[in-house]
């Protein structure tokens, strides 16, 4: 039988005293958490452990012989009668040696066994010392291992070891001063980690969170008013990326400023990731504002916006003139070609007139729009997406007109093709059934089929051109939405822990031989395996609204071929984890 003793590396040179820790239930293993130094009063030790509020016991004794401490081992051996336990560990270390000696006292049988001594007549246990860095184990979070086939016994034992060390945090904070009742050695023996700035920020965060919570409550009640929930306002707000981002950041701030303390690890990491993401977002937005308002860049942008709109309109007019002629040598239906060309040219003239009408106010609009970046870079990108949608509304109208006309032509041809084959579409049963047609129906069907077939090249060409223009705009908006979702959902805090304190996010452990001296047990060192970067992103990614296509690429190509409308890729109801 193998006895495993998890021993903190910080206690290797501790003074002689008592071992405080816990036996792992169901496992022949013990976790040592601290060493209580001699001299001590047993009653004070019991009271000290009881005040810690942690389920701990005295595991045994620790002997580190020094000059003037003769007979210390026999004294520590007799302490097993004062602290009655089922098993009593007696660990000792000689100066100049790395390995420990271990004696296990079975008090129920009143039997003392030398585990690694000379070979006797009975069967003896084998002891393995597993050294661990107490600070890293206490601050780390063990994640389940997805790959590989780990040992079930080791896998069930490690969470208990990590949980025992993590739950023993109150014990480490009891000895705040040097004049305490007992002296201990653990990972914080050299001084508690802390910072006056961090403590002041913790104290100041409470009123700030209360004020922010009150302001968010007021803002939420204003947004839920009856006027803003009317059907036109609700429809417009659901289509604008700026409104969606504003509601999304409101949810984030409510989560961060919640008075409920994050007790679970996932809840804490979610709050931390949201806070860091919001901080980085606002910082990037302020940098953008400082760049925009420097050297009158907004005025320069306003002065180039109207000429750019005129240039785009001129290019569209030339494109329509090219389509109204003989594009690429294709033979078009002249009547339909002229009607469609003039119809689209009229829309372009209307749009340019609207732009010139708004040109005196463009600089003022851009000035106020630039201030929105103070709310964050994501808010500015969402506003840019909405402005792009408004400025390219004429292209969207062209696409809708061309798509509807092409779709009617394609579905008309498919319906008339079924007529020639003696078939029809059953609307109630959603299937194709056989049908008999008379001569007049076949004549009218043939006439309509011929007309639609000869008009198809003209409608298909206009649909193809304006669909390509619409896809360019959608791709630009998709890049903006991807950037916004990346800033909103990327776990910056978790990634920072993975890069700078990789032990905080543990996927498992690995062991290496630390010491194998003759006459001493085997000593292993337990190192923490950090979580993979891909696993960190997948585990701690903040839930966000998806901006990816709702349909597959095959379905998207089918819609484009049949002329069905391709709407923007942001869907408010689509939410992923």
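Keep in mind that glycine also has a Cβ here, set from the backbone N, Cα and C atoms.
Since we're looking at a predicted model, the values are computed, not measured.
Range 365-392 is the one annotated as transmembrane segment, of 309-336, 365-392, 505-532 (source: TrEMBL). Range with TrEMBL annotation transmembrane segment, chosen from 231-254, 471-494, is 471-494. Feature annotation (TrEMBL): of 398-420, 536-558, the stretch labelled transmembrane segment is 398-420. Among the listed stretches 274-293, 365-392, 441-465, 471-494, the one sharing the most Cβ pairs under 8 Å with the transmembrane segment (339-358) is 441-465.
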